[in-house]
Amino acid sequence: MAARLIGFFLFQAVSWAYGAQPCIPKSFGYSSVVCVCNASYCDSLDPVTLPALGTFSRYESTRRGRRMELSVGAIQANRTGTGLLLTLQPEKKFQKVKGFGGAMTDATALNILALSPPTQKLLLRSYFSTNGIEYNIIRVPMASCDFSIRVYTYADTPNDFQLSNFSLPEEDTKLKIPLIHQALKMSSRPISLFASPWTSPTWLKTNGRVNGKGSLKGQPGDIFHQTWANYFVKFLDAYAKYGLRFWAVTAENEPTAGLFTGYPFQCLGFTPEHQRDFISRDLGPALANSSHDVKLLMLDDQRLLLPRWAEVVLSDPEAAKYVHGIAVHWYMDFLAPAKATLGETHRLFPNTMLFASEACVGSKFWEQSVRLGSWDRGMQYSHSIITNLLYHVTGWTDWNLALNPEGGPNWVRNFVDSPIIVDIPKDAFYKQPMFYHLGHFSKFIPEGSQRVALVASESTDLETVALLRPDGSAVVVVLNRSSEDVPLTISDPDLGFLETVSPGYSIHTYLWRRQ
């Protein structure tokens, strides 16, 4: 109760303002609400404007239903609050941020395009415009994955080692590519694309199937590996003809998946030694000798595999010279402490970027695929993002941008959740708590922002991270996964004190000018 009273008095002097359009909430019986959007209405946010010097902006989302609501307060010359003090240390700098985003899978594209054009536009605007959460990363699967409705690659003609029959199907030309172009037009920020393959054509594989235990035939340096490396270049060539260029490719989506008998959907197995030699002899040279200025990210699998996978690949100078970064997935994070994996990998290879390339909830066998309005799932996202940022990761990529209420479509029924769920019969979509949790980072932390130290005066259950934006302003994100309200003060040594309170089950983003 005392904490609630403190929070009440702290914000008596704060003026409230709301985004351009408030949320229309709807409960589906879970812990919080979704925001309902249709052809005629969708909640939106104002473009980010820096508050006047000496004041701060606070964006708040709560389990009780606030969604990135803006308030403005004054930075005080003297501290008046008690309890937790978070001190910004801007001189202690860490990694620079690449960005935040999600994946344009076949399933995502099918769901978006099943909506009416006005509703499609509002969905894309929610993700990519200044009135939305301003994603700047899009992941693109190279050909089919489990979130497709059919199985295909770009070169299914057997023994076509010249890739003469390589071609993009309508999933790319009619679905994904047009939507990516729409996103690019809506965005005020440069959007970086990265691509990942799930499987090679079956005629290049030891098991002759898209799924199950199987890897490339032969040995690195041979015609099978060279053809597969050239397939990457063909993909980049094909997308370039549609005016799309890629920031990066990953060497393989979850390369360990293809090492398991009975793996249910598209995969291609690599050990770390196999990936090392494929990169050094085939993929690295193929990309370097192409016309594309594209980065190569290794691993693209669970961080549980670190640091060993990085040690195997990057200890070989011939492979290391082609590797820009290490991509990680989140699914086994509960078995892999960040310090022992991400932290140790950064210690060993401080000049190789770490990048979170896939995450979703609802994939584990004990989880319900979709839980409309789950606040806990939003907190799982923001907890992961903060943890990753604190351990040198430069960006965080969600999985499907939009799914249906079942969590698909997915050809092997591997249904999962998504920040946006599309209700096709109603020509509507639902923005979940996950969407807003992601927005607390993506909208306010543009590419080039740099993490700095933020030191707590005492042990706390709050999870926090601080960054300096390219414009010199400061951003602090505070996540409270507990039920208790927590009074706190943020100290900027050059300016003064931000007196505030973190309500139970909330996430806040603070933004202020430093000069």
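Each Cβ is built from the backbone N, Cα and C atoms, and glycine gets one as well.
As annotated by Swiss-Prot, signal peptide applies to 1-19. Here Swiss-Prot flags Cys23-Cys35, Cys37-Cys42 as disulfide bond, drawing on similarity to another entry. According to Swiss-Prot, the N-linked glycosylation site annotation covers Asn38, Asn78, Asn165, Asn289, Asn480. Annotation comment: Swiss-Prot describes Glu254 as active site, proton donor, evidence class similarity to another entry. Marked as active site, nucleophile by Swiss-Prot: Glu358.
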Original post:
Can you count the other CB atoms that lie within 10 A of the CB of Asn165 (N-linked glycosylation site)?
Top reply: 10
Subject >> Three-class DSSP secondary structure - Asn480 (N-linked glycosylation site) >> reply: strand
**OP:** Determine the most Cβ-crowded residue among the disulfide-bonded residues Cys23, Cys35, Cys37, Cys42, using a 10 Å radius around each Cβ and all protein chains in the structure.
**Re:** Cys37
**OP:** Express the distance between the Cα positions of Asn78 (N-linked glycosylation site) and Asn165 (N-linked glycosylation site) as a whole number of Å.
**Re:** 70
Original post:
Can you check what DSSP calls Cys23 (disulfide bond), collapsed to helix, strand or coil?
Top reply: coil
Subject >> Neighbour-count leader, CB within 10 A, glycosylation sites: Asn38, Asn78, Asn289, Asn480 >> reply: Asn480
Original post:
Which one is closest to the residue listed as 'active site, nucleophile' in space, judged by CA to CA distance, out of the recorded positions Asn38, Glu254, Asn480?
Top reply: Glu254
**OP:** May I ask which of the recorded positions Asn165, Glu254, Asn289, Asn480 is closest to Asn38 (N-linked glycosylation site) if we compare their C-alpha atoms?
**Re:** Asn480
Subject >> Cα distance (Å, whole number) from Asn289 (N-linked glycosylation site) to Asn165 (N-linked glycosylation site) >> reply: 22
Original post:
Given the recorded positions Cys23, Glu254, Asn289, Asn480, which lie close to Cys37 (disulfide bond), meaning Cα to Cα within 10 A?
Top reply: Cys23
**OP:** Please report the number of other Cβ atoms within 10 Å of the Cβ of Glu358 (active site, nucleophile).
**Re:** 24
**OP:** Measuring Cα to Cα, tell me the gap between Asn480 (N-linked glycosylation site) and Cys23 (disulfide bond) in whole angstrom.
**Re:** 22
Subject >> Asn289 (N-linked glycosylation site) and Cys23 (disulfide bond), distance between Cα atoms, whole Å >> reply: 50
Subject >> Candidate recorded positions Cys35, Cys42, Asn289, pick with smallest Cα gap to Glu254 (active site, proton donor) >> reply: Asn289
Original post:
Using DSSP, would you call Asn38 (N-linked glycosylation site) helix, strand or coil?
Top reply: strand
